Amino acid sequence: MLRAALELSAADHIFHAVLLFSWTVYLWEAYLASRQRNIYRTTTHVPLELGKIMDADTFEKSRLYQLDKSNFGFWSGLYSETEGTLILLLGGIPLLWRVSVAVTAHFGLGPEYEITQSLVFLMLATLFSALTGLPWSLYNTFVIEEKHGFNQQVLVTIYADYIAPLFDKFTPLPEGELKDEIEKMARSISFPLTKVYVVEGSKRSSHSNAYFYGFFKNKRIVLFDTLLEDHSPLNKTSNSESNQTEEGSADGESNAKPKNKKQGCNNLEVLAVLGHELGHWKLGHTVKNIVISQMNSFLCFFLFAVLIGRKELFLAFGFNDSQPTLIGLMIIFQFIFSPYNELLSFCLTVLSRRFEFQADAFAKDMGRASELYSALIKLNKDNLGFPVADWIFSMWHYSHPPLLERLRALGGPKHD
């Protein structure tokens, strides 16, 4: 009896501690977001460092885009936290498990079929999450992203964000100066490059990116078409509209001004961006991240093995008569480990920012500082990134340093 009472008391403390920590984290995040939102509202002029290289129109578009995203994040975050709290308070997790047990029992499967019950539970939980999250996802994609010119989807391809390789078209980078220079750069640092691809990321979004992948001696570089000035569909469209407008003006049919926004980077800037990315490889950042990830996984599963048998953990979340392994995973990894996960996330953010500065310095040492300087500004402009950040917000959230910090570290634009 005494042991049962102690277990119930411990379970009650665990449950309330989980709720308290969850709301503490939420309020901390909301406070940080409010600081950054205030930056978006009050910083209405281009910083002096960017006065000659970022026009007021682009700056204002970026400010409004980030302000809309921040406002959306406030409401979606509040909803998510409230929903999670109600699920815990109303016993949503044990209720969903009982439904899963009932479904499997309907097909003649008893308690010994815990794996099947777990699969049904996962399916129902995923369906619930998808249904409650769908309105927010639709609003983000078709209102905010559409309003600011990033959304390139129709409804049936939203899922492409999760299985992009099935939807994106990868084509080899055509022979020419850019490919030759990329291969030359790779050889100069002994990077085992085998292929260079261009991916049609513009079909889903106007954001720009580049990355490399592959194991051992088989590395491949992927460039988004939106990164390449000569491949960006937006530039091709702009050129076409410009030509049509000029023809119309010559015929006296139209005097409208075309939208001459230029997207992407020139070849030298693309090489500077790749110099940064290859710096991550040369400096061992990828390997270090893998080692940290594996060590973290080992630690987490070791602690899971220690904690999975503690009955009070299951009692805390309404499981009085059973201790399903899947539920144990959820309780331990999602709730019990949450303080550790927050601390780890912050440490990894700090480490990531350090890696980014080091990769920038690597590209600078390759003699590409001025090109990287201008490329960072262009990418920030194309992605409507806001160059001004609250220092606490950026320290806690940004895996990449704010633009102004990176530009200052590069030493400013230089002209050879």
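Yeah, the Cβs are placed from backbone N, Cα and C, and that goes for glycine too.
For Glu277 (active site), applying a Cβ distance below 8 Å and a minimum sequence separation of six or more within one chain yields Ala210, Tyr211, Phe212, Ile221, Ala359. Residues or ranges marked as active site by TrEMBL: Glu277.
Taken from TrEMBL, the feature active site, proton donor applies to Asp360. Residues near Asp360 (active site, proton donor) in space but far in sequence (CB under 8 A, at least 6 apart, same chain), listed by position: His276, Gly279, Leu372, Arg406, Ala409, Leu410.
The Cβ neighbour count for His276 (Zn(2+) binding site), using a 10 Å radius and every protein chain shown, is 24. If you look up TrEMBL, you'll see His276, His280, Glu356 marked as Zn(2+) binding site.
Annotation source TrEMBL lists compositional bias 'Polar residues' at 234-247.
Look at TrEMBL and you will find 37-162 tagged as domain 'CAAX prenyl protease 1 N-terminal'.
Look at TrEMBL and you will find 172-411 tagged as domain 'Peptidase M48'.
Taken from TrEMBL, the feature region 'Disordered' covers 234-262.
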For the Zn(2+) site built from His276, His280, Glu356, further residues of that chain with CB within 8 A of the site's CB center: Glu277, Gly279, His285, Phe355, Gln358, Ala359, Asp360, Phe362, Ala363
